[in-house]
Amino acid sequence: MKKIGVLAIQGAVDEHIQMIESAGALAFKVKHSNDLAGLDGLVLPGGESTTMRKIMKRYDLMEPVKAFAKEGKAIFGTCAGLVLLSKEIEGGEESLGLLDATAIRNGFGRQKESFEAELSVDVFDAPTFEAIFIRAPYLIEPSDEVTVLATIDGKIVAAKQANILVTAFHPELTNDNRWMRYFLEKIL
């Protein structure tokens with residue numbers, strides 16, 4: 001059975017663990033770099049990307065997560081996870097640099113502009129996915145290596161590149177585990 005870690009420093013950690021288990025994998029909380037050993041994949045949950053980056057640096061997780069990805073291990077970033085995984089963040093903040101695109105933090109506005117929307121996602125059997133956007137980012141300037149999986153109003157809100165999958169929204173806050181199944185079956 002596949003073993004997936006969830007970076008447990010902020011965000012909907014328990015919801016991601018439930019989603020991983022509902023998709024048929026084992027889930028583990030990751031708080032330290034040695035927690036990455038033996039994992040097949042890692043989820044970087046939503047939260048506040050600047051705070052998450054600071055905590056990752058304090059606990060010496062930035063370089064181990066980069067090394068994890070460079071070993072070919074899969075990473076799924078949601079919301080703030082998308083921001084952290086992007087090659088660049090508008091405004092010049094440090095990132096993991098693993099997805100060749102630029103992230104626009106809070107691209108859809110602040111907390112009061114949070115919303116739900118139906119997305120068309122060609123990689124799923126069902127026609128739409130109900131997505132929850134909370135202070136959501138989006139991507140711009142993806143390289144040719146990046147495959148866009150979903151957009152809303154022309155803004156990229158889901159993408160993949162090699163062993164990296166990102167969503168600007170929070171699939172873990174729904175009862176629909178298709179994004180996690182996609183991660184386990186197609187990205188891992």
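Quick reminder: no glycine exception, Cβ is built from N, Cα and C everywhere.
What Swiss-Prot records for the L-glutamine site is Gly47, Glu48, Ser49, Ile134, Arg135, and among Arg58, Arg105 the residue it adds there is Arg105. There are 17 other Cβ atoms within 10 Å of the Cβ belonging to Glu48 (L-glutamine binding site). Each residue contributes its Cα atom, and for Arg135 (L-glutamine binding site) and Cys79 (active site, nucleophile) those atoms are 8 Å apart. His170 (active site, charge relay system) has Gly47 as its nearest neighbour among the binding-site residues Gly47, Glu48, Arg105, going by CA to CA distance.
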